[in-house]
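S.K.: Let me begin by handing over the structure; questions about it come next.
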Amino acid sequence: MALSSASSPPVRRRRRRRRSRVRVVLVCCCLLLALAAPSAAAAAGHDYGDALAKSILFFEGQRSGRLPAAGQRAAWRGDSAVSDGGAAGVDLEGGYYDAGDNVKFGFPMAFTATMLAWGVVEFGDAMPPAERAHAADAVRWATDYLLKTISHPGAIFIQASTQTHCTAQRRLPRRRRRPCERGVGDPTKDHGCWERPEDMDTARTVYNISAARPGSDVAGETAAALAAASMVFRDDDPAYAARLLAGARSAFEFADEHKGAYSDDPELRAGGCPFYCDFDGYQDELLWGAAWLRRASKEGTYLDYIQNNGKTLGSEDSTNEFGWDNKHAGINILVSKEFIDGEVLSLQSYKEFADGFICTLIPESSSPHITYTPGGMIYKPGGSNMQHVTSISFLLLTYAKYLSNSSRTVNCGNVSVGPATLQQLARKQADYILGDNPMKMSYMVGYGDRYPQRIHHRGSSLPSIKSHPQRIACNDGTPYYNSSSPNPNPLIGAVVGGPGEDDVYEDDRADFRKSEPTTYINAPLNRVFWNFTAQNAGA
């Protein structure tokens, strides 16, 4: 999660207002020029295969727990948080740190797993075998942990961070099971330290949801993650796939039986907010979980749930946002596939809602549309903007694939939009990330000749435990945080939060809104970069 400083807790990215009508006109004009005139770098072409490999490698630098003896490519990392959950008498080792901190938040981690899995489901069969294997490993590292979070009847663990005193069913990271979910760590205390995960001495508090303290949002997202992941492993490891699908059913049943948002509970809110509050309600996660269970199982029970509850759960909500908190755009595109393929015609409304979302991304559309920066980047106020760029690009490409399979288009009033237009829009965003932007720099660490050197990330900015085995205590890391030197351990593949509405990036470690990477920024990129790798190869 992004930090404001080494000693003060961050305030999570949320919305602001817009500028004047004149500025909007100028931005639109600049955007049309950007779309019409590719830069020299774009003309030369990007190495999307290299970007794909690096985007997956990033997750090895975010691993928590005991690292594999062989195959750990982020070699500067060591074992960390191996006793997570111990204070509550449960095993919560593993999973991912969400960003540049040492906290494991169940809500964004489950979304990360869902997006990683969705990318493999849509395009994994066409990926190079080595990269598909790495992508599957990235999914499994998350789902192994998620399975632990739901393995205790009556609780789902939802968060892990710094604090040890809590009871087994009252505080843990939200992840997986029937009546309860939890997380690991006290984020406020964690953010008060600038230390490597291998050196953590802050308390590892665990939080959970239960029947008395529901969390349909986290449980529903966990169900979606496990269901999507079951499709990744269906051929190569059918026993594991069956276990994932069973876990998805269990998590969804809990989410639906005990409705409520986890951040409505005062104690859970204290652990998760302001970092990952459920701002948009839990209803979308219920529909999202059902949609993925329908996709993975093909069972009529989940189709009936979608059809009978869609309107109540907000399927008609209009939004041009998709991310860890708001799933509506993703739901509409995912569910519309069965209508587009001619399998379930009663799902036509989801295609209409998906079309409405797409039209908000088309500058030429008469519909109110999303903001683009003068350099052509999708922009939404609040910081960590690349999360919107990558997740929306993912949806553009996925919908383009669905439309291509059925020769359909999108009617945006005064303009008809086909798959090629959606592909072009997504490519512009991918190229912006990789260097076709006003700063002429890549926003992926390790890609290209110029990229962020001072990312807001503890493990990357402190000496590696391999080269500096002596412990670096909580406050002893502050000089490294304040240093203007490049990070000693490049977190290869990390995509930072990126520039703001003016396309400016200062490469400042303290500016967490711009310089901090997160797992959910990277998760959609395996789909995005492989799409263009295949296109360039003529696949």
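Placed from the backbone N, Cα and C atoms, the Cβ positions cover glycine too.
As annotated in TrEMBL:
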type	residues	note
SIGNAL	1-36	signal peptide
DOMAIN	48-526	domain 'Glycoside hydrolase family 9'
REGION	169-196	region 'Disordered'
COMPBIAS	180-196	compositional bias 'Basic and acidic residues'
ACT_SITE	His456	active site
ACT_SITE	Asp507	active site
ACT_SITE	Glu516	active site
S.K.: Distance check, please: Cα of His456 (active site) against Cα of Glu516 (active site), rounded to an integer number of angstrom.
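M.R.: Their Cα atoms are separated by 5 Å.
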S.K.: Distance between Asp507 (active site) and Glu516 (active site) at the Cα atoms, whole Å?
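M.R.: On Cα coordinates alone, these residues lie 10 Å apart.
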S.K.: Per residue, counting other C-beta atoms within 10 angstroms of the C-beta, which of the active-site residues Asp507, Glu516 reaches the highest number?
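M.R.: Answer by Cβ density within 10 Å: Glu516.
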S.K.: Taking the domain 'Glycoside hydrolase family 9' (48-526) alone, what is its mean pLDDT?
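M.R.: So the average pLDDT across the domain 'Glycoside hydrolase family 9' (48-526) works out to 91.
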S.K.: For a quick check of packing: other C-beta atoms within 10 Å of the C-beta of His456 (active site), how many?
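M.R.: His456 (active site) is surrounded by 30 other Cβ atoms within 10 Å.
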